[in-house]
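Novice: Take this structure, written in structure tokens, and hold onto it; I'll ask about it next.
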Amino acid sequence: MLEGLGSPASPQAAASTSVAGSSGPAACPPPSPSAPRSPESPIPQRGGVRASVPQKLAETLSSQYGLIVFVAGLLLLLAWAVHAAGVGKSDLLCFLTALMLLQLLWMLWYVGRSSAHRRLFRLKDTHAGAGWLRGSITLFAFITIILGCLKIGYFIGFSECLSATEGVFPVTHAVHTLLQVYFLWGHAKDIIQSFKTLERFGVIHSVFTNLLLWANGVLNESKHQLNEHKERLITLGFGNITTVLDDHTPQCNCTPPTLCTAISHGIYYLYPFNIEYQILASTMLYVLWKNIGRKVDSHQHQKMQFKSDGVTVGAVLGLTALAATIAVVVVYLIHIGRSKTKSESALIMFYLYAITLLMLMGAAGLAGIRIHRIEEKSLDESKNPARKLDSDLLVGTASGSWLISWGSILAILCAKDHPHYTWYNLPYSILVIVEKYIQNLFIIESIHREPEKLSEDVRTLRVVTVCNGKPLASSCLKSGGVAGDVAPRGRDLPPAAKGNVCMREGCGKEEEKQEESSWGGSPSPVRLPRFLQGNAKRKVLRNIAAFLFLCNISLWIPPAFGCRPEYDNGLEEIVFGFEPWIIVVNLAMPFSIFYRMHAAASLFEVYCNI
């Protein structure tokens with residue numbers, strides 16, 4: 001029986017077998033210190049530490065280079081925004097164009113080198129560059145290219161008074177977008193192990209180039225929103241606020257004027273998609289940068305499977321919220337700024353809609369967290385840059401809306417005069433803080449949970465110890481038929497378990513108790529309620545994830561397309577001052593908008609993993 005499972009190849013292996021047999025089915029014995037180290041054995045710890053020093057140094061140097069480029073670009077953006085002497089828009093566009101051209105050269109070199117060595121085996125990070133993420137970035141990139149075409153048409157119409165850089169920039173940006181999407185589709189999962197120092201500088205340059213393009217898009221869109229906001233303040237009766245328009249329209253006529261007006265308005269409606277594209281591209285490139293030189297663990301990420309069965313309730317409620325959102329945004333944009341009465345009614349309508357939706361989202365998130373807590377399932381604590389970045393972005397970008405909400409709460413409590421519509425702002429601001437806190441807990445706990453199928457398979461096989469190259473311990477062979485059970489099951493085990501497997505069947509009640517505790521189990525039955533056991537629990541969680549997914553898309557639409565009550569109610573500007581509050585909103589609003597899109601993406605992943 002033992003010969004069929006494998007026998008020791010040397011006297012030294014036989015000795016270790018006798019030791020394992022005397023101690024019971026435990027972990028594999030450590031190698032003897034006096035035994036000579038084979039060429040395939042790992043490097044000693046001291047040498048491993050020394051080998052990581054150049055890698056850490058290159059990572060530090062490349063990150064500092066990226067920060068220097070980013071700070072220089074931000075200063076140019078700020079100088080153009082405040083009309084600094086000697087700094088024009090052409091200087092900013094020249095800088096951004098040079099950064100994009102440099103990234104294009106690096107991507108072409110990397111793609112060419114990868115094509116020349118395409119037959120070589122390359123390590124991949126299965127968590128990075130998910131299919132739904134590449135699909136969404138392709139959609140946003142397509143709209144970004146349409147935005148570039150509109151900018152080219154805008155340049156042609158005003159070519160008499162615009163510099164050549166305003167025509168070169170959109171062309172370069174379109175080419176940069178096309179090649180970058182192709183690069184991310186083919187290489188987002190790569191774990192680079194050659195030319196690591198050079199690749200670190202190339203990838204981090206790409207990360208901060210996209211961040212600067214994102215900041216440029218945010219600034220242009222914010223200037224447009226600010227001009228509309230100043231015009232609305234006069235309608236609402238806030239005459240004591242300075243309303244000097246920051247106009248950047250060219251000082252010449254455009255031909256034909258109707259087409260130029262349509263193009264200029266269409267550009268700002270497409271900016272939200274461009275902003276999402278740039279930030280998604282920078283996050284994918286950042287994961288690629290973190291994966292350079294990384295050692296991949298044996299744990300393989302399971303492929304996500306999209307299942308649409310059993311989510312009728314969540315989908316119907318989510319689609320209803322989406323339809324209501326579109327209707328509210330249309331009515332808001334039509335009424336706001338028309339008159340004081342219509343503006344106040346539009347604000348009240350938006351607050352009531354948002355309060356209802358946020359309460360439903362918070363209740364759904366609490367229900368999902370409660371199901372997870374009752375289940376008491378173990379968490380997957382394996383380290384991965386993509387998963388860590390997802391969690392950090394959820395918490396970090398939520399702080400933008402938290403900042404705005406706390407500012408609104410303080411303004412309501414400290415203001416002397418309170419228009420009646422501002423009292424609706426108080427529960428709305430509180431619910432924004434609470435709902436994002438609950439949703440972050442639900443998403444992070446769902447993403448870090450162990451896959452359910454893997455846990456059930458492990459419990460069925462009752463695999464406890466894997467000893468490569470070692471025979472089964474004698475204490476595990478007391479129950480009949482063990483060897484016959486091991487042989488067929490071993491074929492389906494992962495490569496890490498191709499050796500002999502110690503089974504716990506018939507090894508004693510005490511060992512079974514230890515096995516239960518090792519996998520976080522309990523001898524008592526599952527404590528979930530009867531209506532949540534089995535497949536019903538997964539259906540409830542899928543409905544919650546689907547509902548929250550559609551709700552986050554719904555809440556992304558209003559601020560992305562100009563429905564921003566933080567601008568329009570006017571109370572915060574009176575309490576904090578016009579310029580301080582506008583700075584706070586312009587800094588925090590892009591993070592709040594990105595949070596909703598990133599939360600929707602994370603909830604889609606949660607839905608597919610349930």
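Keep in mind that glycine also has a Cβ here, set from the backbone N, Cα and C atoms.
Sharing the feature lines straight out of TrEMBL:
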- 7-26: compositional bias 'Low complexity' (COMPBIAS)
- 27-42: compositional bias 'Pro residues' (COMPBIAS)
- 1-49: region 'Disordered' (REGION)
- 65-86: transmembrane segment (TRANSMEM)
- 92-111: transmembrane segment (TRANSMEM)
- 132-156: transmembrane segment (TRANSMEM)
- 168-185: transmembrane segment (TRANSMEM)
- 268-289: transmembrane segment (TRANSMEM)
- 310-334: transmembrane segment (TRANSMEM)
- 346-372: transmembrane segment (TRANSMEM)
- 393-413: transmembrane segment (TRANSMEM)
- 540-562: transmembrane segment (TRANSMEM)
- 574-595: transmembrane segment (TRANSMEM)
Novice: Are there three or more C-beta pairs under 8 angstroms joining the transmembrane segment (132-156) and the transmembrane segment (92-111), sequence spacing 6 or more?
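Specialist: As far as Cβ distances go (cut-off 8 Å, pairs 6 or more apart), the transmembrane segment (92-111) and the transmembrane segment (132-156) do not touch.
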Novice: Using a Cβ-Cβ cut-off of under 8 Å, list the residues of the same chain that are 6+ residues beyond the ends of the transmembrane segment (132-156) and lie near it.
Specialist: 162, 166-167, 169-171, 173-174, 177-178, 180-181, 184-185, 188, 259-260, 263-264, 266-267, 270-271, 273-274, 276-277, 280-281, 284, 304, 601, 604-605, 608
Novice: Who are the long-range neighbours of the transmembrane segment (540-562) in its own chain, taking Cβ under 8 Å and residues 6 or more past its ends?
Specialist: 225, 228, 269, 272, 307, 310-311, 313-315, 317-319, 321-322, 324-326, 328-329, 332-333, 350, 354, 357, 360-361, 364-365, 367-368, 371, 439, 442, 446, 532, 589, 592-593, 596-597, 599-600, 603-604, 606-607, 610
Novice: Please work out which recorded stretch in 268-289, 310-334, 346-372 has the most C-beta pairs separated by under 8 angstroms from the transmembrane segment (168-185)?
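Specialist: Looking only at 268-289, 310-334, 346-372, the most contacts with the transmembrane segment (168-185) come from 268-289.
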